[in-house]
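Reading through the structure tokens given below for one structure.
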Amino acid sequence: MVTGSDETLNQSRLDPIVEEQQSRITVDDDTFGAPVETVSPLGYHVDWISVIFLNVSRIIGVGVFVTPATILRGVGSVGLSMIYWVIGFLFSAASLCVYLEYLCYYPQRSGGIVTYLEKAFPRPRLMAPFLYACLFCTLSTSSAACIVFAEYILLALQYDITKWNVRGVAVGLSTAMTLICILSTKWSLHFSNAIGMIKVLALVLIAITGLVVLCGGISHVPNPGANFSQPFYGTSNNVNGLVSALLKIRFSYVGWESVFSMVNEVKDPIPTLKKFAPLSLGVVFALYMLVNIAYFATVPLEKIKSSNEMIANLFFETIFPSSPDSTNIALTVLQVLVAISSLGSVIAATISASRIIRESGRQGLLPYPQMWASTKPFNTPLAAYLLRWTVTSVLIVIPPPGDAFNFIVDLQYYPESIYAFLLIIGLFLIRRRRRAVGAPSIPFRAWTFVAVFALIVNLMIMIIPWVPPEGGIYAGDVSFFYATYCIAGLGVIALSCVIYYFWYVYFPHRGGYRIRQVTEKLSDGAQTSKIVKVPIEVLEEWDAAHVDDLEHLAGNEERGEDQT
């Protein structure tokens, strides 16, 4: 693997013109993967504001307007519901600490989890990132958020909600956001930041309204503090409801890791993310708590439990009850807010996902790695954006509404939880390898009990989906067996393992060659690994020609000299 200190060494040893034409081959397990781009070909547009609002825009979606009521129905009481939101924050904070430690090991590698899996599990070579790339590049989309946007913007504009109206608007949103991202990273981040600020402002206004209600400032809201007088009254003892609520809480915080896919586009990634990534999560947590207080201060408990409406809808109806006209205006405002929240999630997810796809290509895991690594013609990862747009559009248009769509959307989540679990295991493996070579200390190291806590919670998240829903095995969000998406998710991982075996083991054995990687530099400054097939009869000579440099590369990487 090519690193910053290695480039300096090679530049002093080789003529610059010769160096530009030569490729460096990696044969050591720990040097397999994508080369380090010491100067980001995508630029450095991710400042501290973008760190905060990229995460905020990704985390705060439709859930804040819906999930509080779902959690309340699952746990039964306001007090336990609030505790669940704290638990969700603590779990996300623990997982964030794990990512921050990975960042300190590899501060010049974008890609987030696909990069960290590559480094945590160097053997079998490229297997861990390959399995994750198979999942992410084919199933990770923004289709659900695009459809939510389409439905609510059509409601706000009073258009008919038909299948093809929704699909057309959803594909249009995906296309527009993709074009913005393709044309300019700087302006796509500015747009994401602006949407994030609107989201924060909207939730602050809801929170302030709730505090005014609690203080008795809105006279037509009866008994504003009634739901807090006996906070644990009605607490459920239904295990299924309690564990299901925990899973929904976890999904409410998804997105805090978004900025880690872009760390090589941050000028000083370690100090910047150490300060502002936790701040972004803290801002979301504070808003979630205040908005929950606002909802519970305004809407009677039994009404929340018995109604099928969004809790935010009940909140607005209670605050603005004076006339049908004012209620309609309030509901329209809510519909616009939901649409804006979905839009923000779409653009933040699109930006973040493009870097994960690009890094998968740079690792040599996708065909034509030069295409994925290239930043031409707009200094953005064009190929990655187009793949993301294609998959999202297909999943918007092809699956029929209902079971098929819900199943495909759910399919990615279970394998994601498995890879998140493995990532924490990998952190302990990296620590052990670094101790073995006497690696220096790093600027941030997660407390072991924090990492263990994140590991335990991830294990629980892997187990919870197998708990049958209340009402039986056919009472999930699809009409067939409730855990089908878990089984299918495991099937996706198994199929990826089979593909890996044929690609990396069977075909090389039958073809009489072994896989190695060549580092290529592109004209735009991007670097990528290219998979090459080396015949067995020349393999020893081929490896020996590069062994000195490779031992230096592997040694520096494990000691942390190249990256920290």
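Easy rule for this one: first residue shown is 1, then count along the chain.
For all residues, glycine too, the Cβ spot is worked out from N, Cα and C.
TrEMBL annotations: computationally assigned, not manually curated.
Quick look at what TrEMBL annotates:
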{"type": "TRANSMEM", "residues": "48-71", "note": "transmembrane segment"}
{"type": "TRANSMEM", "residues": "83-105", "note": "transmembrane segment"}
{"type": "TRANSMEM", "residues": "126-154", "note": "transmembrane segment"}
{"type": "TRANSMEM", "residues": "166-185", "note": "transmembrane segment"}
{"type": "TRANSMEM", "residues": "197-219", "note": "transmembrane segment"}
{"type": "TRANSMEM", "residues": "239-256", "note": "transmembrane segment"}
{"type": "TRANSMEM", "residues": "276-297", "note": "transmembrane segment"}
{"type": "TRANSMEM", "residues": "329-357", "note": "transmembrane segment"}
{"type": "TRANSMEM", "residues": "378-399", "note": "transmembrane segment"}
{"type": "TRANSMEM", "residues": "411-430", "note": "transmembrane segment"}
{"type": "TRANSMEM", "residues": "442-467", "note": "transmembrane segment"}
{"type": "TRANSMEM", "residues": "479-506", "note": "transmembrane segment"}
Which of 197-219, 411-430, 479-506 shares the most C-beta pairs under 8 angstroms with the transmembrane segment (83-105)? 411-430
Look at every Cβ pair spanning the transmembrane segment (48-71) and the transmembrane segment (378-399), keep those 6 or more apart in sequence, and say whether at least 3 of them are under 8 Å. no
Considering only the recorded stretches 166-185, 197-219, 239-256, 378-399, 442-467, state which has the highest number of Cβ pairs under 8 Å to the transmembrane segment (479-506). 442-467
Is the transmembrane segment (239-256) in contact with the transmembrane segment (276-297), using three or more Cβ pairs under 8 angstroms as the rule and ignoring pairs under 6 apart in sequence? yes
Pairs 6 or more apart in sequence, C-beta under 8 angstroms, 3 or more of them: is that satisfied by the transmembrane segment (166-185) and the transmembrane segment (126-154)? yes
Which sequence positions outside the transmembrane segment (329-357), separated from its termini by at least 6 residues, show Cβ-Cβ distances below 8 Å to it? 54-55, 57-58, 60-62, 64-65, 110-114, 136-137, 140, 142, 145-146, 148-149, 152-153, 155-156, 173-174, 177-178, 180-181, 185, 188-189, 191-192, 195-196, 198-199, 202, 255, 258-259, 261-262, 310, 312-313, 316-317, 319-320, 366, 372, 380-381, 383-385, 387-388
